[in-house]
C-alpha cells in the first residue's frame, strides 16, 4: 500500500482551484490503487513561522520547541508520495506553505552539506505539485514572474526528491473559456497518472 502525504495551502477553502484539483487527484488514486492518505491542511492547522526561538532551540537542542518541525519531517519520511497543493499568490506560494518548507529544510535531517555539495536525505519519494495560476505563466510576458513552480521543484530537489510531476491549471482567472479548457486538461492529466 502506497502512502500519500496530501499538503493543502490555499486560504480559499471553498472555490479553490488547487483544492479541487488536489481532491480529484486523491480520489483518482483511491479509485485505482491501494493508498493510505494523510492530510496536512496548512490553513486549518497552520505551522508556526520560524523565529529567533526556533533558531535558539536548534542551537540548544530544545526538542519541545522543535516538536512541530520534527513531526513534519517525520511525515516526509513516512510517506511514499508528497502531493503539494499550491495556488500562486503574488507570483509565488502561500506563506503557509513557505512556513512548512522552513520547518522541513533542516540540515542533517532532510539534507547534508558535504565536500561535494549538498545532498538530499529524503530519497526514493515521488512528489506531485498541484498548482493553480490566475494568469498564463508558462509562456509570454508573464513567464519570468513565475516564482512558484521552479521554487517548489528546487526545494524538493534539494532535499532529495527528484521524481516530480506537475499538474497545473493556468489562466483560471482570465475568463470562463480558458478556465474550463485548463481544468479539462488537468482532468485528463490526472486520469493518465499512475503511482
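Including glycine, each Cβ sits where the backbone N, Cα and C put it.
According to Swiss-Prot, the protein carries these features:
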BINDING   10, 16, 17, 18, 88, 89, 90, 91  FMN binding site
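Recorded features from Swiss-Prot, shown on the structure.
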residue	record	DSSP (3 states)
10	FMN binding site	coil
16	FMN binding site	coil
88	FMN binding site	coil
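In this view, residue 90 (FMN binding site) is surrounded by 10 other Cβ atoms within 10 Å of its Cβ, with every protein chain counted. Binding-site extent for FMN: residues 10, 16, 17, 18, 88, 89, 90, 91, maximum pairwise Cα distance 17 Å (rounded to the nearest whole number). Taking the Cβ of residue 16 (FMN binding site) as centre and 10 Å as the limit, one finds 19 other Cβ atoms among all the protein chains shown. Around residue 10 (FMN binding site), the same-chain residues six or more apart in sequence whose CB sits under 8 Å from its CB are 16, 18, 19, 43, 85, 86, 87, 94, 132, listed in sequence order.
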